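Undergrad: Straight out of TrEMBL:
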- A:12-34: transmembrane segment (TRANSMEM)
- A:70-93: transmembrane segment (TRANSMEM)
- A:70-261: domain 'ABC transmembrane type-1' (DOMAIN)
- A:105-126: transmembrane segment (TRANSMEM)
- A:138-157: transmembrane segment (TRANSMEM)
- A:195-214: transmembrane segment (TRANSMEM)
- A:240-261: transmembrane segment (TRANSMEM)
Amino acid sequence: MAAHTPAASRRRWGSTAAGVLVLGVMLFPLYWMLNTALQPESGLLQVDPVPGSLDLSGFSKAFGDQGGHLLTSLLVSFGAVAICLAVSAPAAYGLARFGLRGSRTIVFGTLITQMVPGIVIANALYNSYVDLGLVNSYFGLMLADASLGIPFSIVLMRSFMVSIPGEVIEAAEIDGAGPVRVFLRVVLPMSRNSLITSGLFAFLFSWSDFMFALTLNTTDDVKPITLGIYQYIGAHVGDWGAVMAASVLSAVPAAILLVLAQKYIAAGITGGSVK
Amino acid sequence: MTALPPVAAHRARGRSRGAATSFAAVSVLIAGAALTGCAQQRDSDVYTVMNSSTDETYHRWDAEAMARCGEQLGVRVEQQSVPASQVMTKALRMASSKSLPDIVQFDASEMPTFADAGGLVDLRSLGLATDDIPEGIVDFGSYKGTYYGAARSVNTLALFYNKDVLDEAGVPVPTTWDELRRTAKRLTEGNRYGLALSAGGAEDGVFQFTPFMWSNGGDETDLDSPRVVEALDYWKALLQDGSLSKSTVNWTQADVNDQFMAGNAAMMINGPWQVETLNTKKSLHWEIAQIPVPEAGADSVGPLGGAVLTVPRTGDTEREKTAGRIVACLASEKEQLTYALNSWMVPANEKAAAKWREEVPELDALADQVAAARSRTAKLGAGWSGVSLALQSAFQSALTGQSSETALQRAQQRATSGN
Amino acid sequence: MTTSTVTAPAPAKTSGKGAAPDPARQRLRRRLAQWGFVAPAVVFMLLFFGYPLVRNIVMSFQHYTPKTFFTGEAPFNGADNWSSVFQDALFGKALWHTLVFTAGSLLGQFCIGLALAVFFNRRFPLGGVLRSLILLPWLVPMVVSGIVWRRILDQDTGVLNTFLDTLGLGGQTPWLTSPDMALLSVILVNIWIGIPFNMVILYGGLQEIPKELYEAASLDGASGWRTFRSVTLPMLKPVITVVLVLGFMSTVKILDLILALTDGGPADATQTLGTLTYQNSFVELDFGAGAVVGNVLILISAVFAVFYLRANRTEGK
């Protein structure tokens, strides 16, 4: 880095200041959420700009009530990510490499899936789920949530895998590796960034799902946090402090993942599509 | 990325094992789910009730009542609560997959739709008596003369007022529209509005409009009649006076309650289900009165609200009979009183209501209002939802600038063309 | 089998051990193995998207009422649902709102997202941390964003108007309560929600642009703006199309945000095709009409997708 003159350094810290300002504007609603959560007694209308004293009762209540639902959400989302990657990674490779007839149609099909409103899907799925005994099961919800990420992951990973040099794969084939081995040992490791990125997106889609959780369950056995929040936004009254605290809690696991995966995302998202 | 670097190749081995394990895990999961899926069967001693008691408190009260009734009848009663707006669609979906719960608690305005589709069992045929229930409330749970829904409690709207604010200003509680308008204007000051009500674009707003429409002699079958126009003009006048917040069109009834509790409104139109929350604020001294009427001496007609317990047609007559017994127990005089005292709503049963009045004299006005209240679906049955949508659009247009007459004419057209 | 000359030399490589088996069969096996990679995803998508789509199309030609759920009978009624939806004045309004909403949201999300991506693409202290934190709005459930924003935008007590008031900018803006403002406010909130997604993907694209191109441009003495136009934008084009296409498809069918913010009101000012299909199906329980509106939504997306693919193809030539 060449810029070490005082002027350049000042300019760089100026960028930091601007960045903080942008962040402040973008995160203000979240600050307001946290702020409300810390003033559970105030109702939502008399929230002070800064919490006077840290009242954590909203949090302890939310944690006590929603801890189990958070766990459910985690389990379902990780399951959905596993299914999503297991289905979409081979497909992405197949579409990128094999030049199968109909590849183009399939890619177009993944695009079409993005057009169907979620409510239409949830409605249609319900009856099939009943027939298959998947209602009220973790696995059923994982499958449905995985569907949210699959088309996106296929598109993302395919564009990445197209850019893997053919020589690498051919070299492995010469060594006697079959297509499955090539895929597992060569392609997947090289696609790490796009795998992580797809996984993260799949996780986020699944984490925020409300429609499937609502539609495909008829008992409270499998109740993720998005449904759990309804405990506070009832038909009769709203406990806003607890709602906000639960939302903050619900954002934490996803935020941790996001920060951990951050450095892979930039590299994983576009991969080959630019080249 | 150009070629596979040695490090990556080394790591590849470990990773591929990981991928292989995850493949295996998924296939095991699939097999497992398929097996458990087939094993899923209805437990013969477990009965399910679907309701909208997602609120923690209501859920608990219901759970307690169900436990008591279950014990009495030797069965287990389970509760499944879904957001209120989802009960109907969920029940319909379950009907199509033949997996209906044994009991569904519908909002009374939705029950006719389900009954009309042939989905409910006549409660009288299951042995439920209606002797102690006032006729109005039997009608409330009936569709085309058949009694499908047992109400445990009913509610309506009333005028809640902040006693301290009224005392300080030295004004009496308004009883007529003119008084309400004057009082509201007088009490509007600084950040505080004289009155808060909900004109939101959902059933909440329509629920709040009905007492004004009906007390003025208007009717839901004739939306563009001068009576309805007058009622809407009255709302417009309150807004033009500045006595109502412009946000009224965006508020639900829960928002209205928040405003009242925060001291942003001196009076509000709301229902008894808010009492539980209102009482959490000790410094707030509120009381209730009947909703003011157009002219002194006129009847204050409010909307009858509440939920009814129904037994959906599952085809299993034995289970339906037991479900009927559970409903009878949940709607018994004793349980009604317990539920009503918890939730601050008025018991449907006459005897229970009399006892309730003794216990909560401060809500007397509400009990009177309930006695005169009217059901939204009495005239239109399953057609209510279309009229309700048209009406929402009309009062929102009128409150945001259009003339009441034009807005209601359009609503009437929309309502009739939709049917 | 015949001993015809084999054109594909490839099998010789892969058949590591034993005598060379029949090449035609082997090619078939190879094809099958290759399809094995793709098949699970295809089956999955057919079940989870294809089936609902077909069902929705069929439903739009049926008289589908609450009774249908019990009897299973939904007689076909030709184009009745379609004509009744098209005659509804609300449909035209909702269609227009949908287009305005989608165009406005995309424009805002994309421009701000791109600006932020370019901004964070420079190196400065704490840049990485700030960049990750800006993704946080994405993680909040839509129901909750809706509630928080509704409070922030409240005309009398909302913190936004209070803030504008202290600045002397008139704190009485009827963000959600005036039919003229509501759609704009909903667009603004949706832009807020969409910025992180746009920024992440565009930032990823920027990272891929070789640094040498910039160096060459600066040697040529190109200004910042010229470099952006002649280097950054062209190099970013494929990513931009991906962002816009995905953004379009998720924006055009938006539902939960609007339900949480305005419920389609005031006076239907924020009624879109998404809320209309919800209202038709689940409030009025007119499932045929709801399906029609849903299909119109899908059709709009499909038209957009075809344009996108055509543009892509001509570019590839």
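Backbone N, Cα and C define each Cβ position, glycine as well.
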Undergrad: Do any residues, 6 or more residues outside the transmembrane segment (A:70-93), come within under 8 Å Cβ-to-Cβ of it, and if so which ones?
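TA: Distant contacts of the transmembrane segment (A:70-93): 106, 138-139, 141-143, 145-146, 148-150, 153-158, 160-161, 183, 187-188, 191, 195, 198-199, 202-203, 205-207, 222-226, 249-250, 253.
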Undergrad: Are the transmembrane segment (A:138-157) and the transmembrane segment (A:105-126) close enough that 3 or more Cβ pairs fall under 8 Å, when only pairs 6 or more apart in sequence count?
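TA: Between the transmembrane segment (A:105-126) and the transmembrane segment (A:138-157), contact is present.
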Undergrad: Return the stretch with the most CB pairs under 8 A relative to the transmembrane segment (A:195-214), choosing among A:12-34, A:138-157, A:240-261.
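TA: That would be A:138-157.
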Undergrad: Below 8 angstroms Cβ to Cβ, which residues of this chain, lying six or more residues outside the transmembrane segment (A:240-261), approach it?
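TA: Beyond its ends, the transmembrane segment (A:240-261) has Cβ neighbours at 30, 33-34, 36-37, 39-44, 57-59, 61-63, 65-66, 70, 73-74, 196-197, 199-200, 203-204, 207, 225-226, 228-229, 232-233.
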